[in-house]
């Protein structure tokens, strides 16, 4: 993943990382991670930092090596690109550009990509993503739905990569009772 970074980006990240690597051993503490990221223009929340730390600090030693940090920054940059992709995807669905995806707009876009949906299916998709219950999907709801889909995909990929005995259809993330996840997958 870090191989997707330019030499200039790697140099910038190394410089920021080095500022906090006080003893020059090539690692920083997890507590310093937020400070380093903020110095690079990122603004992670405390919860995001905890997620990143648990993802990166695989040996739970409280230190993050530069290589791990590069992987993390590459993911953050890719996620930033993903945000632009989400905005563009939302605009595709939001035909009248009013900031909401209606059932009619959803049905129209899905039909254009070859998915003929019944009124009931469209209604289920809307209600699964419609957190505020107004009968439409706003941008925040769209993002939550898509991010949930992305998380499920990462979990499945990790499970497959780890060689777990569970299949993609096993476990709570793919259980039929979890309609929310299944409906968002179509979006």
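The backbone N, Cα and C atoms fix where each Cβ goes, and this holds for glycine too.
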Item to complete: Taking Swiss-Prot at its word that 94, 96, 98 bind Ca(2+) 3, choose the one of 88, 105 listed for that site.
Response: 105
Discussion item. If you count, for each of the binding-site residues 27, 61, 63, 136, the other Cβ atoms lying within 10 Å of its Cβ, which residue has the minimum?
Written reply: 61
Worksheet item: Using DSSP, would you call residue 32 (Ca(2+) 1 binding site) helix, strand or coil?
Response: helix
Worksheet, complete the sentence: Taking DSSP H, G, I as helix and E, B as strand, the domain 'EF-hand 1' (8-43) contains 23 helix, 3 strand, 10 coil
Fill in: Integer mean pLDDT for the domain 'EF-hand 1' (8-43)
83
Discussion item. Spatially, and counting Cα to Cα, which of the binding-site residues is closest to residue 27 (Ca(2+) 1 binding site)? Options: 57, 59, 134, 136, 141.
Written reply: 57
